[in-house]
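Worksheet for the structure shown next.
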Amino acid sequence: MNQTKYIFVTGGVTSSLGKGIIAASLAKLLQGRGYRTTIQKFDPYINVDPGTLNPYEHGECYVTDDGAETDLDLGHYERFLNVPTSQANNVTTGRVYLSVIEKERRGEFLGKTVQVVPHITNEIKDRMQLLGKSGDYDIVITEIGGTVGDIESLPYIESVRQLVWELGENNGIVIHLTLVPYLAAAGELKTKPTQHSVKTLMESGIKADILVCRTEHELSQELRQKLALFCNVKKEAVIQSIDASTIYEVPNLMLEEGLDVVALKKLDLPKKASPDLKNWNTFLKRLKSPKQTVNIGLVGKYVEMQDCYKSILEAFIHAGAANETKVNVISIHSEHINADNVEEKLGTLDGVLVAPGFGERGIEGKIEAVRYVRENNIPFFGICLGMQMSVIEYSRNILGYADANSTEMNEKTPHPVVNLMEEQKNITDKGGTMRLGAWKCDIKPNTLAHRIYGEKTISERHRHRYEYNNKYADELQKAGLKASGVNPDTGLVEIVELENHPFFIGVQYHPEYKSTVANPHPIFVNFVAAAVNAHKK
């Protein structure tokens, strides 16, 4: 293909309709037909990136290989497509404005008055085409965050309008995702919210090419005809997106509805072969027909909101399917764990994952959880802060340093077994300043980590400021907590493990970010397998 084609996905009526899942599902189908496809997300908030956002407000912050702190939708894109994303795949209003203001300060606008149109919209359009101009992709799908009609989204909607016009016929299309609610009192689906949403989009100068309708009930042919007539689309372009039991069913549902076929027709592209979803459907079959069930505790600080640990929960789905096992993830708030109730909270579980996080709140509960699973031979997996808690717990209860701590929690601790990284000590800005992105790790032979990975050197994604303090490495090693993975350049300990334990591993990095449907992460796969063994015993 000579020219990259563009698909824009907008949303109406309400937020959280699943634009990201629809975009990822369409991309999966187009990828399955042989088209090189990527997805990008444009977020209307003024933060430069979501790295400093409270997890309760935004859900997890997803990290790419190149160290970008991004929206959690990029995790969905990677999990569906099995292709890495980058900084270019996520743009925020804050980043756009920052770039334009920096250009103005450098004098790049030749003294002109800088305005939303054309300067902000031109910046948005340039970023929308950045991946397309790389030559790596046939089709670029762009998800516009927010809801049509929101004041924050207006510059993006205007940019889409201009870009579709500039690209010319068959080179750019708009998919509008909307809600068709069911009124139980009337016993029928109502199309009026969708009609008004499309009308709002048209007032901005954009005609939707395809309508994707989220619904709890089947759309009748009459209803589809009505939507087509009043929303000015062809009947074949009215796509039903009925509620599914798992997001991984959505590509098949969109295939049945013909979303990819309609999109290709609008873009004047050949259908090529039918999408190859053989491996995807094998995964789905394993997911829906498990042979056993395990209960794994997720000990964290933000467990009230599932999106805070989105990638971890999805990684358990991938690992569960790989083991033909249903993984029941039981959320346990670390603030609610203490020495008196830890057995009641964790005693019946088949495994415990101590989750990542920041700050002092709930720390003692995490440390108590690590102690209990270590002493009772329950499979343990610690990620980032969870790994650091295992080091603190071991230092306190095995080395006898009762006041061992991280300098994040206590700057004056006499035993800082977890310490601020040297390169972080003079940094004052919070945004984008952590140790971020993919870093190498050398794995020692004859260790649990080596059995899991089967490789000498791995690359994993990081997001942290604090690290294992190597001053205590010899003592911890002699006492049994092995450092089995180390960064080859800095000597930073990345993996710790216990030898005489069914499964005990802590990692400084975030393996959940690299788990996909096609490649479940090996630590999660082995952790679930260990939980299965524990359950059988």
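Cβ coordinates come from backbone N, Cα and C, glycine included.
Annotation source Swiss-Prot lists region 'Amidoligase domain' at 1-269. Residues or ranges marked as UTP binding site in Swiss-Prot: S15, K190, T191, K192, P193, T194, Q195, K226. For S16, L17, G18, K19, G20, I21, D73, the entry in Swiss-Prot reads ATP binding site. Taken from Swiss-Prot, the feature Mg(2+) binding site covers D73, E143. Sequence annotations record features per position, and here Swiss-Prot assigns domain 'Glutamine amidotransferase type-1' to 295-537. The active site, nucleophile annotation in Swiss-Prot covers C384 and rests on sequence analysis.
Feature annotations (Swiss-Prot) mapped to structure.
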residue: S15; record: UTP binding site; DSSP class: coil
residue: G20; record: ATP binding site; DSSP class: helix
residue: E143; record: Mg(2+) binding site; DSSP class: strand
residue: K190; record: UTP binding site; DSSP class: coil
residue: K226; record: UTP binding site; DSSP class: helix
residue: C384; record: active site, nucleophile; DSSP class: coil
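Here the binding-site residues are K19, K226, and the one whose Cβ sees the fewest other Cβ atoms within 10 Å is K226. Between the C-alpha atoms of the residue listed as 'active site, nucleophile' and K226 (UTP binding site), the distance comes to 53 Å.
Here the binding-site residues are G18, P193, and the one whose Cβ sees the fewest other Cβ atoms within 10 Å is P193. Counting other Cβ atoms within 10 Å of each Cβ, the lowest count among the binding-site residues S16, D73, E143, T191 belongs to S16. Here the candidates are the binding-site residues G18, I21, D73, E143. The one whose C-alpha lies nearest to that of K190 (UTP binding site) is G18.
Around S15 (UTP binding site), a 10 Å sphere centred on its CB holds 11 further CB atoms from the protein chains shown. Within the set S15, K190, T191, K192, P193, T194, Q195, K226 that the record links to UTP, no two Cα atoms are more than 24 Å apart, and one pair reaches that distance. For the binding-site residues given as K190, K192, the lowest number of other CB atoms within 10 Å of the residue's CB is seen at K192.
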